[in-house]
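Down below is the structure, laid out as structure tokens.
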């Protein structure tokens, strides 16, 4: 039986086979064979010398005295999973795979980065991590040349070229390139129905359903504008705002109204088109609960409500003055920068404000 047990271990990791053959275990060290298990199965319970938890595994083969033990290698090739985790009963083909898996239960992380001290379950994970220090990016996109540390990251990136969106929302049918983005989207679905807004602005107390929306909102307080136009240097708080601005350089106006034929640089959302159509129909569905005034767009109602609440969310970083509208803050900032965007084509005189330009009379 001793020889049979040694022969039935298909793979034990590098160097283990030589170590196993080099020393025959004593009677006290030999594995305990459980003969009460199901027919045709050997269950081995063996205590690891360093005191770690037992490793349990099973091997399906006949207990007859024939040469059937020689078929163990064929069973390994066929995909049999002989090694069973004593914690969760998950099965593995190799003892080395079981050893790695059990670290998820024991918390053991034997592979340590010599640069930052971070530890890992597997050697492969350590190698991947070390690329963050060396800057090595062995996986390169054949379409745009961008490099990546991991192959899985490259696979996700390729979807930006192919347009593939393998993860689909079962509620609305929207597709996503990554499972992470799908899960984030699903959480927003739940908050739409529950009305939950767990993310709170520490400056003004405004609440948001998603952390991304809070981050964008906080830029109205900090003045941060991370998205810059390469043509004129103008900066924006949101990437979508930069994309719309770029059309002022290209002249692109991809959206046309079917009623008046007027072209617009925006309308990238259906809500914008609906809002424009109300200028033709005269519909004003958004009503102020304080004074009863009606508005064609929800944004206009929100701005109007600040006249009742006194809210002024847009603050000047130079002098601290606050404004109810972002456009008012932008106009005010010219008093600090000295910018005068309105110029007379006749005499060249410039003005900081449109009102001053409109009242200007040039006599040549």
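These residue numbers are counts, starting from 1, taken along the chain as shown.
From the backbone N, Cα and C atoms, a Cβ is placed for every residue, glycine too.
Among the features that TrEMBL reports, compositional bias 'Polar residues' is placed at 34-61.
The feature compositional bias 'Low complexity' is assigned by TrEMBL to 62-75.
What TrEMBL records for 83-110 (among others) is domain 'C2H2-type'. For the domain 'C2H2-type' (83-110), the predicted model reports an average pLDDT of 92.
Residues annotated as domain 'C2H2-type' in TrEMBL: 111-138 (among others).
The domain 'C2H2-type' annotation in TrEMBL covers 139-166 (among others).
Positions annotated as domain 'C2H2-type' by TrEMBL: 167-198 (among others). Remote same-chain residues near the domain 'C2H2-type' (167-198) are listed as 156, 159-160, 207-210 (criterion: CB distance under 8 Å, separation of at least six residues from the stretch ends).
If you look up TrEMBL, you'll see 199-226 (among others) marked as domain 'C2H2-type'. Nonlocal intrachain contacts for the domain 'C2H2-type' (199-226), taken as residues 6+ away from its ends with a CB within less than 8 angstroms of a stretch CB, comprise 184, 188, 191-192, 235-238, 311, 313-315, 317, 326.
Per TrEMBL, the feature domain 'C2H2-type' maps to 227-254 (among others).
Among the features that TrEMBL reports, domain 'C2H2-type' is placed at 255-285 (among others).
What TrEMBL lists as domain 'C2H2-type' is 286-313 (among others). Broken down with DSSP, the domain 'C2H2-type' (286-313) shows 12 helix, 4 strand, 12 coil.
With a cut-off of 8 Å between Cβ atoms, the residues of this chain six or more beyond the domain 'C2H2-type' (314-341) that come close are 220-221, 223, 303, 306-307, 350-353. Residues annotated as domain 'C2H2-type' in TrEMBL: 314-341 (among others).
Within the chain carrying the domain 'C2H2-type' (342-361), a Cβ under 8 angstroms from the stretch's Cβ atoms is held by residues 331, 334-335, all 6 or more beyond its ends. For 342-361 (among others), the entry in TrEMBL reads domain 'C2H2-type'.
The annotation region 'Disordered' is assigned in TrEMBL to 17-75.
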Residues in the domain 'C2H2-type' (167-198) grouped by DSSP into helix, strand and remaining coil: 16 helix, 4 strand, 12 coil
Distant-in-sequence neighbours of the domain 'C2H2-type' (286-313), which means Cβ under 8 A and at least six residues beyond its ends: 204, 206, 220-221, 275, 278-279, 322-325
Secondary structure composition of the domain 'C2H2-type' (111-138) [DSSP: H/G/I, E/B, coil]: 12 helix, 4 strand, 12 coil
